[in-house]
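> OK, Swiss-Prot features for this one:
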BINDING   Gly78, 81-82, Ser86, 88-91, 106-114, Ser118  5-phospho-alpha-D-ribose 1-diphosphate binding site
BINDING   Gly78, Asn109  anthranilate 1 binding site
BINDING   Ser90, Glu223  Mg(2+) 1 binding site
BINDING   Arg163  anthranilate 2 binding site
BINDING   Asp222, Glu223  Mg(2+) 2 binding site
Amino acid sequence: MTLLTRIKTETILLESDIKELIDILISPSIGTDIKYELLSSYSEREIQQQELTYIVRSLINTMYPHQPCYEGAMCVCGTGGDKSNSFNISTTVAFVVASAGVKVIKHGNKSITSNSGSTDLLNQMNIQTTTVDDTPNQLNEKDLVFIGATESYPIMKYMQPVRKMIGKPTILNLVGPLINPYHLTYQMVGVFDPTKLKLVAKTIKDLGRKRAIVLHGANGMDEATLSGDNLIYELTEDGEIKNYTLNATDYGLKHAPNSDFKGGSPEENLAISLNILNGKDQSSRRDVVLLNAGLSLYVAEKVDTIAEGIELATTLIDNGEALKKYHQMRGE
């Protein structure tokens, strides 16, 4: 039975099946048409949680058989694929969270389904991505590093043409936030598909995170939003996964539609992020950053409650610390 047949007919794939799939997808010598058929077929099936763990571990082990660890490190990112074309919320959040002293290792990529991915924005900001080897030095100095997925996982470049061809979210959107080169203590992940929240939360637990939040934003975003109830799966330090809804209005933030968070080109997104960090933008765009930064600070144990996290995020923008972090990352 071929791998394609097994993908189409088997309810649960073996770890060996998943390794075979990954080996094909990352091979430079196998044609795009074969990869397209396998990846599109796999993304249409009901993915089992253990399979996601197999995929993530297979990719990590291929590049980092002895995965490096930085105690207390955190990643804040979304899966992408929500088609919202929002500005780079999680990248903006990273400056705020790092300015609180959280060690943030943000693992990002160029855009697949939107106008401007994290790496596109960093290029516009004149902020260099960091190599995996140099990450500890920069974290010690600046509390923040941006690692480009194509640099940390050069094997991923062999998947990019296929992902572009498919033109919609695939299993790799779920995998992206989970393959940070570093073993993390904390993580916050936004997921485009609410049916995948539990699956991602359990996989994050398998990966050994101490605390995490996996969320799906109200009305379909992969960030917490201001437009209604956000779905939350929280991994606690005792290994429990609890789920609940969170509405920004319960924390003193005004209701706002997701359309308020529309971004544009890297140049336009730079202007949006900078105006939030320098305090000029007091609109709902600022509030959505405060909400996501507040959640991140809560996960990273900088505060005891989400409300305190939002309050701390507000202070870090208002007192200029978040903007200072931006300038520090630019080498100014």
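One-based numbering along the chain as shown.
Heads up, the Cβ atoms here are built off N, Cα and C, so glycines get one too.
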> Going by Cα-Cα distance, pick out whichever of the binding-site residues Arg163, Asp222, Glu223 is nearest to Ser90 (5-phospho-alpha-D-ribose 1-diphosphate binding site).
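Among Arg163, Asp222, Glu223, Glu223.
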> Which site among His107, Arg163 has the most other CB atoms no more than 10 Å from its CB, taking these as binding-site residues?
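Max Cβ neighbours within 10 Å, all protein chains included: His107.
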> Rounded to a whole angstrom, what is the C-alpha distance between His107 (5-phospho-alpha-D-ribose 1-diphosphate binding site) and Arg163 (anthranilate 2 binding site)?
18
> How many Å lie between the Cα of Glu223 (Mg(2+) 1 binding site) and the Cα of Gly78 (5-phospho-alpha-D-ribose 1-diphosphate binding site)?
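About 7 Å separate the Cα atoms of these two residues.
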> Among all protein chains shown, how many Cβ atoms are found within 10 Å of the Cβ of Gly78 (5-phospho-alpha-D-ribose 1-diphosphate binding site), not counting that one?
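Other Cβ atoms within 10 Å of Gly78 (5-phospho-alpha-D-ribose 1-diphosphate binding site): 28.
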> By the DSSP assignment reduced to helix, strand and coil, which category contains Gly78 (5-phospho-alpha-D-ribose 1-diphosphate binding site)?
strand
> Under DSSP, is Ser86 (5-phospho-alpha-D-ribose 1-diphosphate binding site) helix, strand or coil?
strand
> What is the separation, in Å, between the Cα atoms of Asp222 (Mg(2+) 2 binding site) and Gly78 (5-phospho-alpha-D-ribose 1-diphosphate binding site)?
6
> Rounded to the nearest Å, what's the C-alpha distance separating Gly78 (5-phospho-alpha-D-ribose 1-diphosphate binding site) and the residue listed as 'anthranilate 2 binding site'? Just drop the number here, would you?
17
> What is the number of other Cβ atoms found within 10 Å of the Cβ of Glu223 (Mg(2+) 1 binding site)?
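Excluding its own Cβ, the number within 10 Å is 28.
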> Taking just the CA atoms, what is the gap between the residue listed as 'anthranilate 2 binding site' and Ser86 (5-phospho-alpha-D-ribose 1-diphosphate binding site) in Å?
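Spelling it out, the Cα of the residue listed as 'anthranilate 2 binding site' and the Cα of Ser86 (5-phospho-alpha-D-ribose 1-diphosphate binding site) are 20 Å apart.
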